[in-house]
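Lifted from Swiss-Prot, the feature list:
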BINDING   His264, His266, His276  Zn(2+) binding site
Amino acid sequence: MENCSFHVPSLEEICSVLKSGLLKNFADVSVIVTECPDLSKEPFEFPVKGLCGKSRIADVGGVPYLVPKPRLDKVYNVNAVAKKIGLPGAYILGAGATSHKSLGMNAELIFSVQAENESIQAVNKSYVASVNPGDGSCLLEKYRDRNNDNDFGLLSNLYACEGKPGKVIEVSVKRRIGQDNFVSCMRKSLKTHYGEKAVGLGGTFLLKEGKAKLHVMPREYSACPLNTDEDVNGWLKFYEMKAPLICQSVFVSHDPGYDLRLEHTHCFSHHGEGGHYHYDTTPDTVEYLGYFHPAELLYRIDKPSATHMVGRD
């Protein structure tokens, strides 16, 4: 495991940087510092109330453990990760893959879990998005309805904190006028301003209005090696999904040499849809509302020794 400190500007400064970038991509933009809403309430229903306290980002495993061929031996545990990053009992959100050993299939994992510590058991409110074997539609399930463990597999991008209330960055945008998706626009805004000073943000956002393109990995791993982005896209199942979507997002402005996935967002809903977010498909009507917090520390866990850039979108 490797770790380093992020550059952590003030919340007010980050607001200003994000706003300047978002205005090039959305017609209506508001970015302010505010008290984190109670995220234990609808529609989020997290096991904690906030996104604050000892914030950090963990990049675990990586795409090279999925493509060209899956490494099914790569199994990780949320409680172990929380301890490894010095935060037992952490609230963890983000995007990753399920463990084949836990579920007997491949699927998208949408993290929302409070890890265990000496005094509490883990509270896992994560979701699993898989391809319905009956009709090929998306099947969204609560992780706890499938398994009682807290494992995941292959790769994940996680934001961890104490789950406390506190000040966060609220981002509200409507009507997309540029080409970048919501997350890419924010990440690129930070990169343009801070350059090689890595800034990491994690949080949750709502697709309040409109629709978005998402993918879900098939239950069966590819029989043929996935050597190119075209191979990967041919294997994935793509869907257009409707609002409201609750999206768990982790993004980093600059990779300081750790072979990071710079952005990764997975979504769940209360109407049975979820998966890996790509971009909205309804620019004229789209509306996003998000709450984010900068991470203080970066942890790189089980970095693949042989890497590539396939399948990073």
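Just so it is clear, glycine is given a Cβ too, placed from its N, Cα and C backbone atoms.
Since we're looking at a predicted model, the values are computed, not measured.
In sequence order, Gly94, Ala95, Gly96, Glu108, Leu109, Ile110, Phe111, Ala129, Cys247, Gln248, Gly274, Gly275, His276, Tyr277 are the residues near His266 (Zn(2+) binding site), counting only same-chain partners six or more apart with C-beta under 8 A. Per-site Cβ counts within 10 Å over the binding-site residues His264, His276 peak at His264.
Same-chain residues with CB within 8 A of the center of the His264, His266, His276 CB atoms, the Zn(2+) site residues themselves not counted, are Gly94, Ala95, Gly96, Glu108, Ile110, Asn157, Gln248, Thr265, Cys267, Gly275, Tyr277.
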